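Beneath this line is the structure, given in structure tokens, with notes to follow.
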Amino acid sequence: MSSPQSEKQTLFITSLIIFWYSSNIGVLLLNKLLLSNYGFSFPIFLTMCHMSACAVLSYVSIVFLKIVPFQRIKSRSQFFRIATLSIVFCGSVVGGNISLRYLPVSFNQAVGATTPFFTALFAYLITQKREAWVTYGCLVPVVAGVVIASGGEPSFHLYGFIMCIGATAARAFKSVLQGILLSNEGEKLNSMNLLLYMSPIAVLVLLPATLVMEPNVIDATITLAVTHRYLVLLILINSTMAYGANLLNFLVTKHTSALTLQVLGNAKGAVAVVISILLFRNPVTFIGIAGYAMTVMGVVAYGESKRRSK
């Protein structure tokens, strides 16, 4: 018979996973709703809102609520390395948000599932890190699945697809870069402290980009807010959920394991696809579903192959 303590722990972890799923999928669906359905066509400004919320809420949760110990930047070179990561991170989030303007969430998630392929590619090109041939073999269905899904996607949009591929590659590049730039034991930061430093830098990068590329964003937002009275509230909720997704990502990893997170992440993509199809009613084809299923199976096989080779 399980003890009350272990039951509490199980309930806590289950709650964490449910909240993590809700925040991750919620951000994705709200991004789509704002950028496509509400006509709020300002992905750079939306990303800046996300980063602003992450900067403020990271500071409150670390400095005041002490969710994790505060870690200081120890050198100028460490700061520049964090700034580099922040710029790459910006590129991945902006690219992902732009793609959601043109692509359905289901196809966006199918392309996003190819992250392991780009991670393996950059790890080899930058660090010369090689995996077993079986592991590389598992990446074939990952890529083939997206090629098949692309051919069977009724709402395919070339620019949106390029942005989505770019965002996926940037996300993989950031993870490889993070492993290299923050490899010094004395300068390693946990993901919450890293977000605390990256977010304000991201805001400073995105602010001039917004002013140059989306100069009429304030006027357009005010005009849209008159038509859609909940627009500003939705942007605030969306931005808060963006921070919540990062916080819960950290907590799920802390209380389970990186492998559990990877498995849950694969399932999360499939759940997001089903919910988005039911919600937005975007047309799907058997070929598209088969392609996405092949990609997910490839990702699962890749994760298992990496685990066994360790």
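Every residue, even glycine, has its Cβ placed from backbone N, Cα and C.
Remember, TrEMBL labels are computer predictions, not curated facts.
Annotated features, as they stand in TrEMBL:
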TRANSMEM  12-30  transmembrane segment
DOMAIN    13-302  domain 'Sugar phosphate transporter'
TRANSMEM  42-67  transmembrane segment
TRANSMEM  79-100  transmembrane segment
TRANSMEM  106-126  transmembrane segment
TRANSMEM  133-150  transmembrane segment
TRANSMEM  156-173  transmembrane segment
TRANSMEM  194-211  transmembrane segment
TRANSMEM  231-252  transmembrane segment
TRANSMEM  259-280  transmembrane segment
TRANSMEM  286-303  transmembrane segment
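Segment contact holds for the transmembrane segment (12-30) and the transmembrane segment (231-252), given three or more CB pairs below 8 angstroms at sequence separation of 6 or more.
Ranking 42-67, 79-100, 156-173, 259-280 by CB pairs under 8 A with the transmembrane segment (231-252) puts 42-67 at the top. Using a cut-off of 8 Å between Cβ atoms, the transmembrane segment (133-150) and the transmembrane segment (259-280) share fewer than three residue pairs, counting only pairs 6 or more apart in sequence.
Contact between the transmembrane segment (156-173) and the transmembrane segment (194-211) is absent: fewer than three CB pairs lie under 8 Å, with pairs separated by 6 or more positions in sequence.
For the domain 'Sugar phosphate transporter' (13-302), the mean pLDDT of the prediction comes to 91. Between the transmembrane segment (42-67) and the transmembrane segment (194-211) there are at least 3 Cβ pairs closer than 8 Å, counting only pairs 6 or more residues apart in sequence, which means the two stretches are in contact. Within its own chain, the transmembrane segment (194-211) has Cβ neighbours under 8 Å at 42, 44-45, 47-48, 51-52, 54-55, 58-59, 62, 73, 79, 82-83, 85-87, 89-90, 94, 178, 182, 217, 246, counting only residues six or more beyond its boundaries.
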